[in-house]
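The annotation coiled coil is assigned in TrEMBL to B:158-192. Look at TrEMBL and you will find B:368-418 tagged as region 'Disordered'. Taken from TrEMBL, the feature repeat 'ARM' applies to B:470-512, B:511-553, B:688-714, B:731-773, B:856-898, B:938-971.
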C-alpha cells in the first residue's frame, strides 16, 4: 500500500524512535501503523477525542480529567494534537517504561497547572469524585479534604505544603502503590497484554471508526482470554 | 391458619422428642379463641364445606371418654367409638376414637367433638393444634401445606378448576363422576380461601397485640437517658434540655433497675429528674414498666425521699414524647436535624417518625448483628447495641426479613458510640480510613490502604481496631475484586495483622482463606507472595489448615515451589521474584504441614522433589521454611523414605553446619525424625553429620529447642553400632552426661535415650560411670514424665549390666526405684522397668536378699503376669526367671501362684514372650512339686510346639524348660505324646552347646522312663 518513498520514511522514523524508546523494531512499526489508523480527522495528527477513545477502550483509563492530562503528558510540544513520535513514545512508556518513566508521567498528569508542583487544590480536584458512596451525615467535600490531607502527609516529604517531583518520587519508592494515588493514569498488566496482543494480531490495521470490528476483536480477545484461562486451569 | 401457627403463635422449645407445645400466653389464648370461633360457629361456613372429607385425618391424643359420644350417630365397639357417617370414597368412619387417639375426617365432626367436650373444648383444640402443626395440609391435602415465601397453591388450584370447567363444558354429556369431583374441588377452594382469611385475621390481631405489649425495661430507659444526655447542656440554642439525671441513689441493682427493691415490686425501674429550659421547676419522672409518668418530686418532710404519687394520670410510652408534651422548647429543638441524627444513630425513635416498622427493623438488626459472632462482636459495641435491644426485637425478627445485608452493615456502623474516652486515638483514625475503604473508588481505597499501613500494625490495639470497625470484611472483599493494586494493598495489611490469633480466626470465619487460595493462581507474583505469606500466618490453627486443603490450596502452594534455577550466578530480577514466590509457598506449606492430611496432600501434589530442589538453596530465609516443612513431615514414614531417597540427608547435614540456630534446629529435628531408619543413620554418618551434631552440644547454646533436636538426633543415630563408634571418638558421652543437669524434660528425654542406646556398647557403660552419669540417671527414676521414664529405665538397665555400675545403683537404691515403677500406669514404663530389673538382679550382690527386702515386691511382679501387653509380659517373665534363681524367692512367688499364671501364658505365639516364658518355667521348676503343677496346668504340650518356632533363642530356653519338666514321668508321657522326640533329636545336632545339652537331657529322661517301664513289665 505504501509507496517506496513512504516505506523509506517509515524506516527512518522507526530507526529514530528505536533510540528513544524501549520498544523493539517490530513493535514500533506496528505502533506507527496503528497511529495512522487512529488518525481519522487529519493525517499525521491524532486529535484529543480520538486519543481519549483509545485510552478509554484499551487502557481502561476513564476519568475525564486524567484522560486529558495523559494526552497533555504525551503531547510534549503542547501542540494540541499528537504526532506519531509523541504517540509511539508515550505508548512505549505505557507498555514497558521504567519506574522513573511512570513516576514522571503520573506526576505530569497530576500537576494540573504544569507548575511542577502538585498543590492541595490540584489534589482536591483529582480526588473529589472518588468517594462513590459518601455517608450522608458528613459533608462530602470535607471528606475529600481529609483524604487530601492523608495524601499530603504521605507525600510531602519536605513539608512545604505542596508535592514536588522529588517528593513524589520518594513517596513512590517508599510504597509502590502510591504511584497512582491520585487517580488511574497507567494501564494495568492485563490491559497491556491485551493491547500488545491486539497490535500483533491485527498488525495495527483496523479502523477505530468501525465499531463493529472492534467489538468483534474484543469478543475474540475475550474468548482467547477465556481459553487461556481454561488451559491454565488444566495445568494447575 | 398455618402461617399464624408457625409464626405468631409462641411455641415452647421441643423437648424429649415431642414436638413443641403451645405456651400458655395471652397471645396464644387469643389465637385459640379465634380458631375455636371459626370451628364452632357457623361463621360463614356452608354445610357442604362442613361435610367435606379431609385428605388426612386430624389425629390427636384426647382426654375424652368413648362414653361421651353416646347417642345417635355413633356406634360403640368395645373401647372404641366410630361415627355412623362414613366417607363416601372408602367408607371410613369420619370420626374414630380408640384408646385416647381421636381421628376426625370432617369439620362437621370436629364441631361435634368440640360440642361434646363442653368446657374442655379449649384443651381439645390445643391438643389438636399441637399435634397437627399444619392442619390445613391435613384437611385439604399437601398441596396447601404452609410454606415460607410466595404461596401460589391457590392460584394453581384455581387455574386447574377453571381448566376442568372448560373441559367439562366441551364434553357436556360426560360422566356425572367428573362433575362431582369438580364440585368437591370448588368446595376445597372456598374452604381454603376462608381459612386464609382466618389466617390473615389472626396475624393482624396478633400484631396489634404484640405492639400493645411492649413494656419498658431498664435497658430501654438507660438507652433513652443516655441519648437525651447527649442533647442536654446549658446553651438553649444548641441543646434541647438543660439536664437529665437519675434521681436518688446511684446504686444499680443486678436487674438494671435503680429503684429500691420495694418500689420495684410496683414495676418502678428508676426515677429521673429533668430540667427543661422553658419549665421553671424540674420534672420528676417515674420510669415504670408500664411507661413514663410524673411523680410529685422530693418529699418535703423526709429528705432524699420521693413522693411516689402521680399528680396526673398521663402515661407515656417514650420519654421523648413525655418531655415534648411538657416542654415546647424541647419539642422544637428535637425536630432539628442535628438532634435527629443523634437519635437515629442511637437507634431511638423520637416520636416524630411514624414508621414504627422501620424502628422495629432496626431493633431486629441490632439483634441479628449481635448474634453473628463474626460481625463486630467486640465488647466496645456490644453494650451499646444491647441497650437498644428490646424483647420486641425477637418477635419482630420475622417482619424484618426484607432488610438487606448492606443496610444491616450501615446500621451497625452508625450505632457506634460517638465519643468514647477509653479508646485510643488510633481507633478513630483507623475507623476513618476504613470508611474511605468502604465508600471510595479504587484511588481512595489505595490511599486509605497505604495510610493504614503507616500504623504500627504489629500492635494489638491497631489490629483489633481494624477488625472492630469492620475493616476485615472490607479487606477481604477487596481480595475478590479485579484491582491488582487494591488486592496488594489489602494483603499487605492482612499479612501483618494476621499475626494476631483473633484476627486469624476472624479471617477464616469471613472466608478469606478461600479467596486467598484463589489468588495463589494469579499471574502477578507480588500478589502470590503476599497471599501465601498471609496463608502462612492464618493457617496456624486446625480449621484454617483444613479449609486451605479443602479448597485445593495445598496443590497450588506446592505449585509455587516450582521455580527456576536457584543458585545461578546471574540472577535477573524476575528470577529473584520467582525464588521469592517459592519461599512464600514454603512458608505457607510449613504452616499447613502440621496437619496429617495436609502432609498427605502435599506428598500427592509432588512437594517432595520440589522441596529437595529448594533445599539446595544458599539462603537461610529460604532454607528455614523448607527444612521446617520437611521436619514437620518427617514424622510420616513415607516422607522419611523420600527424604533419604531424594538425597536430602546430605543437604540437611550440610545445613547443620550453618550459623543460624533456627536452621540448625530444624535440620537436627528432621534427622531426629528420619533416623528411625538404618539407611538414613548410615547416610548421616557418611556425610559427616555426627560431628556437627555433637558440636551443637558443646556450643554451649541456651536454645533448648536446638538442644532437644540435636540430642534427639544423636539418640536415634546411636542405634547403629557404627555411629556409636564415632560418638565414642567424639566423646559424646561426657557431653551428654553434662546435659543431665538443669535441662527441660524434652531435652532430658533425648539425652537419656541417647545414653541408653550408647550404653549397649560395654566400654560406654564404664564411660558413663566415669563421667558421673549414674547418679543423675538414678535420680531421674523419681520423675513423672512417662517418655522420660521409659528412657531412664532403659539406660539404667543397660548400665546395670556392668557390675561396677551395679554397685553404685544399689547404693543409690536404684533397684527399689525401678521396682516401684512397675506400679506405673503406663505399660511402656512397666515393661521397661521390668527389663531393667533383670540385669540388676543378675549383677547385684546378695540379689535374693535385696529382692526380699522390697515389701510386697514379689507379689507385685507376679500380679503383672495378668497384663495384656506382650512386652510387659515378656519383661516380667524375664525378671521372674532371674528372681527364681534364689530358692527362697522362688518359694515366695510359688506361693503367690506364679505356676498357673505362667502356664496360662503358654499359648502365646509371640516369640519374644515364648523365649522368656520358657526361661521362667525352666527356673520355676526347681521348687517343690512345681514340675507336677506345670503338668497339671497343661503347660507341657504347648511348650513342645515352641520347638517349631524359627527363633533359636526360643529353642534354647524351651529345651531347658522341657529338660526340667521331663524329670517328672507324667510330663514325659505328655511330651512324648506331643511328638517332642523328633525335633529334640534334631536339636541335639545343633551347634549351640547349651541347646544340645538340654535336648539330650530331655531325651535321656524320656528314654529312661521307657526303659524303667519295660523293666517293670518284664520283671
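Here the Cβ of each residue, glycine as well, is placed from N, Cα and C on the backbone.
In the predicted model, the repeat 'ARM' (B:731-773) shows an average pLDDT of 89. Here the repeat 'ARM' (B:856-898) has Cβ contacts under 8 Å with residues 819, 822-823, 827-828, 830-835, 837-838, 841-842, 847-848, 905, 908, 910, 912-913, 915-917, 919-920, 922-924, 926-928, 930 of the same chain, all six or more residues outside its ends.
Helix, strand and coil counts from DSSP across the repeat 'ARM' (B:470-512) read 32 helix, 0 strand, 11 coil. As a summary of secondary structure, the repeat 'ARM' (B:856-898) carries 34 helix, 0 strand, 9 coil according to DSSP. The DSSP breakdown of the repeat 'ARM' (B:731-773) into helical (H, G, I), extended (E, B) and coil residues amounts to 30 helix, 0 strand, 13 coil.
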